C-alpha cells in the first residue's frame with residue numbers, strides 16, 4: 001500500500017512544481033486516431049511529446065457531436081500554443097463548431113474532454129470508454145480543489161477570448177451561401193506559425209495543418225468583399241491547375257466586429273517572384289521555365305473552357321492585379337498565379353460584376369488604365385493583364401546572367417525612372433504621354449535568346465492594346481525560343497544574334 005501513495009505524492013509534487021513556474025509540464029498525452037487505418041498509425045495508446053527546449057508542450061483532443069452522439073476524432077500532443085497555457089483541463093468553448101477542439105497542459109490531461117459553451121449553457125463532459133483504474137484516475141478523483149481553480153482559469157480564458165479571437169486552431173465555418181469545394185479542414189488542427197507577407201487586404205501566415213504547411217491569408221472584416229470575391233473565383237469550376245494557387249478552404253473566425261476572414265491555400269516556401277529575384281540571379285533555363293509556366297497559368301486563367309474535366313463551364317477570368325508579387329514559385333521554380341481578390345469572370349449572358357477601371361497596382365497599370373479610357377469588354381481586360389506580363393518578363397530578364405554583361409541589383413519596373421513610390425500623375429506622364437517603358441540593356445540583345453525574348457516583351461507592353469500578344473502566344477514563343485537556343489552550338493550563336501528573326505516566332509496577331 002505504501003508504494004502507490006508514495007507515487008501519488010511524487011506526482012502531486014511535480015504538478016505543484018509546474019504550477020509554481022506558471023506552467024504544467026506536459027511530456028505524455030493520451031493518443032487516439034479515428035483514421036488510423038488510412039493513415040497507417042496506431043489507433044490508441046500513449047504519445048510522448050517532443051519539442052524545442054524553450055517551447056511549451058500540450059495535449060489536445062478533437063471530436064464531433066452528431067445529435068448527442070460523441071465521435072472522437074483525434075487525441076495527442078500539441079506544440080507551443082498560448083491558448084493552452086495553464087489549462088489543466090481540456091475544455092472546448094465554441095458554440096456549435098463542426099469539430100470541437102480543446103487543449104491543456106499536464107500529463108494525460110486530454111483523457112477527459114469537456115464542452116463548456118461561451119453563452120453559459122450547460123457543461124457537457126465526455127469521458128472515454130471505461131478502462132482499468134490507473135494512477136491518473138485516482139489522482140483525478142482525489143484533487144477536487146483543482147476543479148475550482150480550473151473554473152476560475154476557464155472564466156479568465158473566456159474573457160480573453162472575447163477580447164481577441166485566438167489563432168491557435170481553426171474549425172471551418174462557412175459564410176452563408178454555397179461553400180466552395182474543399183476538404184473538411186476542421187477535422188485537422190491548424191496552427192499559425194509566422195507572418196510571411198503583408199498586403200493590401202491583410203497578412204499572409206505560414207501555418208501547419210497536421211504534417212503539412214499551408215498559407216493562411218487573413219482579411220479584416222471591412223475587406224469582406226475582397227475575401228468573398230477571391231473565394232468565389234477559387235470556387236469557379238476548372239480552377240484546379242498546376243499553375244494556379246491551390247485552394248484548400250475558406251473560413252470566418254470570431255464573431256461580430258472582431259470577426260476575421262481566412263483563406264487557406266497551398267504554401268510555397270520560395271515565396272513570390274519579387275522576393276526570389278531580390279535575392280537570386282537566375283540562369284537562362286530558369287528564366288525560361290518561370291516565364292513559360294507563368295504564361296501558361298495566365299493563358300489558362302484567360303481561357304473559356306465549355307466543359308472543364310466534368311466540373312462544368314470555366315469562364316474566362318481576368319486577373320486585374322498581375323505582378324511579380326502575385327506570382328509564387330514552387331520548389332522547382334514552377335510559377336503559380338495567386339491573389340484573385342480583384343479578378344473578374346466573364347460568363348455568357350451575365351454582367352462581369354465589379355469592373356471599376358483603375359484597380360490593381362499603379363506601377364503595373366496599362367496606359368489605358370492610367371488614362372481612364374478602358375473599353376469594358378472581356379478582351380480589353382485580358383490585354384491589361386498582358387501589359388503587366390510584359391513588365392514581369394522584363395523583371396526576369398533583368399536578373400538573368402545569360403548575357404555577357406553585368407547583372408544589376410533587382411529593381412521594380414520604372415523604379416529607375418520614377419522611384420519606388422510613384423504617384424498616379426508621374427506614371428501617367430511617363431507611361432502615357434512619354435510612352436516610356438523599362439530600359440532594355442544593350443548587352444541583353446547580344447544573347448540570342450534574350451534578344452528574341454525582348455521582342456516578345458515589347459509586343460506585350462505595346463501602347464496599342466489590340467496589338468498585344470495573348471498569354472498563349474507568349475507561352476508558345478518562350479518554348480520555341482528556349483528550344484532554338486538550347487539546340488544551337490556556340491559556333492552558330494553569332495548568326496542568331498545578327499538576326500533575331502532567324503527563328504520564326506508565333507505570329508504577333510492576338511488570339512485573345
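Keep in mind that glycine also has a Cβ here, set from the backbone N, Cα and C atoms.
Looking at 42, 486, Swiss-Prot tags one of them with N-linked glycosylation site, and that residue is 42. In Swiss-Prot, the transmembrane segment annotation falls on 138-158 of the listed ranges 138-158, 159-179, 180-200.
The separation of residue 204 (ATP binding site) from residue 59 (disulfide bond), Cα to Cα, is 27 Å. With the fewest other Cβ atoms inside 10 Å of its Cβ, the least crowded of the glycosylation sites 42, 65 in this structure is 42. Under the DSSP three-state reduction, residue 84 (disulfide bond) is assigned to helix.
Pairwise Cα distances among 196, 197, 198, 199, 200, 201, 202, 203, 204, 217, the recorded ATP-binding residues, top out at 14 Å. For residue 29 (disulfide bond), other Cβ atoms within 10 Å of its Cβ number 28.
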